[in-house]
Amino acid sequence: MPKPNSTSVAEFLFEGFSSFGWQHRLGFFVVFLTLYLLTLSGNAVILTIIRLDRHLHTPMYFFLSMLSISETCYTVAIIPCMLSGLLSPHQTISLQGCATQLFFYLTFGINNCFLLTAMGYDRYMAICNPLRYSVIMGKEACIQLASGSLGIGLSMAIVQATSVFGLPFCDAFVISHFFCDVRPLLKLACTDTTVNEIINFFISICVLVVPMGLVFISTSLKIASAEGRKKAFATCASHLTVVIVHYGCASIIYLKPKSQSSLGQDRLISVTYTVITPLLNPVVYSLRNQDVRDALCRAMGRKPLSS
């Protein structure tokens, strides 16, 4: 129950990077803005190339285009607010605005996790069932996997957001973060949050551990020879790079015990999966992908590098 004589909170205040001097904040602003613009432009290029080049009208690139759209929405939900906070410290956000940001952050963050799993499944089918691949991974199956990923993201985001904002917030209103995230918000609630912590941990297991396990299993099981497994990992190297960084950083935040949680440390790690990881997708999947490089050459009227 809320404490007696407490005041209900109508808005929150982001602590963000206010502990840094304005010179450091200006430097962060320039760096983060540059990375953000690179992410947006990189995803735009990927979407355009996949749309225009018929050679890329395959399940793998369908999922990559869905991931680019999801990553763009994910960054739009967080980074503009963070950039604004760097220029204007002690930025406030309404209770409704905070709930909206948390909802979209969770929706597209979870969607990304399951899209990466779908991409791993696609590679598994391409390697282990090459003769039946085109039948198994038809257009309908791809749409169902992409829709399922978004559906899981929406449903889990609704559960999380409802769980968090069903709590009373009174007196304490400073969020020790640069956006509305689950753990910093739970620390501000003026009631017992044990049930909410359990819900958060259970959802984190479902979203992080299970998909990550499926991705790695799909690249190694049912491939009898060591040479076959080596080929599978070589084929999926780019994908595994993104998976390790994406799931690894998020797991550090959401799966460690509450007693070991440091909001300052969590804030720095959050920069990795909110600013840096989204940039990995267009960089890794384009610079390390021969098909995308060839498509870029064709788009510019040049001879493909692989020919």
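For all residues, glycine too, the Cβ spot is worked out from N, Cα and C.
Annotated features in TrEMBL:
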- 26-50: transmembrane segment (TRANSMEM)
- 42-285: domain 'G-protein coupled receptors family 1 profile' (DOMAIN)
- 62-87: transmembrane segment (TRANSMEM)
- 102-121: transmembrane segment (TRANSMEM)
- 141-159: transmembrane segment (TRANSMEM)
- 198-220: transmembrane segment (TRANSMEM)
- 232-255: transmembrane segment (TRANSMEM)
Maximum Cβ pairs under 8 Å to the transmembrane segment (141-159) - stretch from the list 26-50, 62-87, 102-121: 102-121
Average model confidence [pLDDT] within the domain 'G-protein coupled receptors family 1 profile' (42-285): 82
